[in-house]
Every structure is written in C-alpha cells, then in structure tokens.
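Here's the structure, in structure tokens; my notes come after.
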C-alpha cells in the first residue's frame, strides 16, 4: 500500500509539468507600427495553443488546434471569426511552441532567429453553417459569432492579389494576412 501511494505521488510530480499549461506575455511596443501585448498559452492535454493580442479595438485571439488541424482567429473589430487549415510547414509544432514558451525565448525583442514566416489567406464571404467539423475548441471560441472559412493564397497569386487585408502577426514566429471578404468592410 505504501508503495502504491509513493508511486502515485512520484507519478504526479513528473507528469504534472508534461500536461501543464504554459503562458508568457510579450510586450510589442518596440516594433514599428506595433503596440499592445501578446500572450501565448499552450495546453498539451488538449493539443491547443492560444495567442491573445490585446491592442484595444484591434485586439484578436488565435487558436491553433493541433488535434483537428484547424486554426481560428477571432477579430474583435470585425466581430467575427476566420477559420483556416493549419499549414504545418509554416506553423511551429506544439512541442516547438511549448519549448519556446517554457524557455521564455519569445519575451523581449524576439528569439533572434530567422525572420517570421508569412501566410496569406483569401476569406470566403459566405458564413460557415456548422462549426462542429472544426472541433470543440473552435466551437467554444466562435459559437454565436459570424464565422468565415479562409483558403491559403499561394505562388503567383500572391503577387497579383490586390484586395484589402487584415494582419495578425503572431509574436516573432508567423505573419498571417486575411484578405477579401470581411476585410473589405
């Protein structure tokens, strides 16, 4: 009996950090044209990362659901959500993001590594009828909010694309632009 209690205690000590949520906050005042604050939370248990950008009316939240392969950005100014498929080649893995958070490499002036990757999406003007196909986390974030699907714009289409875009620059990792659709309003 004593062995079982000791084993359970040790298991809890070692397992808790592996399943814990980690958060950091980053002040964005030093960037050109940027202000406000971003924070990132990693939830290993649910395979989800959440980025909050607090900048007054231009605030937004991004949620990356690694289990379903979808991401969503909730734009407070537009009172809407934009869902898109995660591009695994451009977005850091949950483990890599978790490591950056734990090591606090995202604080200060950035990790000092390569420039952030950029993704550009075209927003479909038609609302998404059923959020369930995107997973519980996205449903919880966007239920009751107009939600739109976005498709990545690739290659030569990027050069000739002239529609208005909304940017969501995520720390010093990824620059995402949502173009057309609700960005035009």
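Quick reminder: no glycine exception, Cβ is built from N, Cα and C everywhere.
Note that the coordinates shown come from a computational prediction; the quantities given were computed from them, not determined experimentally.
Annotated disulfide bond per Swiss-Prot: 81-142, in sequence order, evidence recorded as similarity to another entry. Taken from Swiss-Prot, the feature domain 'BRICHOS' applies to 54-150. The signal peptide annotation in Swiss-Prot covers 1-20.
Every protein chain shown contributes to the tally, and the Cβ of residue 142 (disulfide bond) ends up with 23 other Cβ atoms within 10 Å. All protein chains included, residue 81 (disulfide bond) registers 24 other Cβ atoms within 10 Å of its own Cβ. Residue counts for the domain 'BRICHOS' (54-150) under DSSP, helix first, then strand, then coil, are 20 helix, 36 strand, 41 coil.
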